[in-house]
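Now, the feature entries from TrEMBL:
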type     : residues : note
TRANSMEM : 12-37    : transmembrane segment
TRANSMEM : 43-67    : transmembrane segment
TRANSMEM : 88-106   : transmembrane segment
TRANSMEM : 126-145  : transmembrane segment
TRANSMEM : 157-179  : transmembrane segment
TRANSMEM : 185-209  : transmembrane segment
TRANSMEM : 237-260  : transmembrane segment
TRANSMEM : 272-293  : transmembrane segment
TRANSMEM : 314-333  : transmembrane segment
TRANSMEM : 345-363  : transmembrane segment
TRANSMEM : 384-403  : transmembrane segment
TRANSMEM : 415-438  : transmembrane segment
Amino acid sequence: MLKKQSANIVAHAWPILIAQLASMGMMVIDTVLLGHYGTVDLAAVAVGGGIYIAVVFALVGILQAVAPTVAHHVGAGREGEVAGALQQTVWLALALAAPGMLLLWFPDPILALSTIEPAVEEKLRAYLRILAFGMPAALLYRTFYSFCNALRQPRPLMIISLGNTLLHGALAWTLVTGVFGEPLGALGCGLSNLLVNWVGCALAALWVARSPGLARFRPFADWQAPRRATLRELLRLGLPMGFSNFVEITSFTLIALFVAQLGATAVAGHRIVANLAALCYMLPLALAIATLAQVGQAAGAKDWPRSRAAIGAGLLLAGGLSTGLGVVLWLAAEPLVFAYSSDPAVRAVALSLIGYIALYQFFDAVQTIAAYALRGYKITFAPMLVHTVAFWGVGLFGGWWLAFKWPQPMGVEGFWLASLLSLVVAAALIGGILWRALRERSH
């Protein structure tokens, strides 16, 4: 059974991985284009993009409640309830889009946390206001994405993600550089993102409506009005998931703000390693999403041996592959860092940090798989508490203390040591919660 579950998870995870890397490619395109266009525009999109991602992924975390809900319905043979779960999540996405748009339109509480040059702030605000109009599309797309993954149909969304990235590359280049008119810089990236969000949303909705593989669920048939009981259950599951996302994203964002106090060289070295860490995280995350679908469907059927096999397969795959990835990072540190920067001082900082992310790959993989497996069991509150203590307490506060208050201040290394320790804590505690959940379901 373990071998079969491993094969199922790998078959499900690789399209998710490609889709996630394609989404990251859109940010890379913005950085490259604006890096050649102007420093002010690049800074505006760097800060604005961080705010946008924090807002979107906190809200997306809430909407991901559709995945375990749908997986349980399918596993339990309640296929007639699948469409209702999707439709209620669509209503929830539209409701959440309103506060999301307001936060992007009026970002003053967020901007007050840091001092930003007036020229950068002006373009940043204009950039965020453009993105605000794409908020409903972004949330709806992620709803369809989670829905399809719960039903183990990730490939169409992979194709849409790749198409979105190619479209964004062409549009952003045209608008940023002014091929057919005035160069728009950061605003060009914002307009391209806006259009691509709506195109992706429309294509995903069309696929869900017309897909032969989803036809038996009739996703958009007999459209339901909002139902309080279903929405309450989605929020019960989703709010802790959204807060976990928020904690994780804001911890890394605030670390970057603290590192800025250490000078440009430290910031540049930190940014290189943070980018490598984000790329590496895509692997266990893809495996975790696939594991959630397997566990959720097995749990819905109350097939506990199958759910345990899925969790075991997910942990073995993610732990093994991420450990291998850590070894590659360690052995290939110099060429990887050189690809990012030719500045000897920046490379020295990055090389001093890369060992930390090489070491924490295993722990990051374990805590990610364990958290998503618990989501498959519809357990989300306890992992949220662990993430809050680990990422804000150990990672953020501990990093600040090591960097600035330790008798021999560690500087930027203090934040990465604390991040490593935070993942060890998260892996141990969430692993313990998962072990208890497995024992309760073994009787």
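Each Cβ is built from the backbone N, Cα and C atoms, and glycine gets one as well.
Heads up, TrEMBL stuff is auto-annotated, nobody curated it.
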The transmembrane segment (185-209) vs the transmembrane segment (314-333): three or more C-beta pairs under 8 Å (separation of 6 or more)?
no
Residue numbers, six or more beyond the limits of the transmembrane segment (126-145), whose CB comes under 8 Å of its CB atoms:
19, 44-45, 48, 51-52, 56, 59-60, 63-64, 66, 86, 89-90, 93-94, 96-97, 100-101, 104-105, 107, 157, 186-187, 189-191, 193-194, 197-198, 200-201, 204-205, 207-208
If contact means at least 3 Cβ pairs within less than 8 Å, sequence distance 6 or more, would you call the transmembrane segment (415-438) and the transmembrane segment (345-363) in contact?
yes
Between the stretches 12-37, 88-106, 237-260, 345-363, which wins on the count of C-beta pairs under 8 angstroms to the transmembrane segment (43-67)?
237-260
As a test: from 12-37, 88-106, 157-179, 237-260, 314-333, pick the stretch that has the greatest number of Cβ pairs under 8 Å with the transmembrane segment (384-403).
237-260
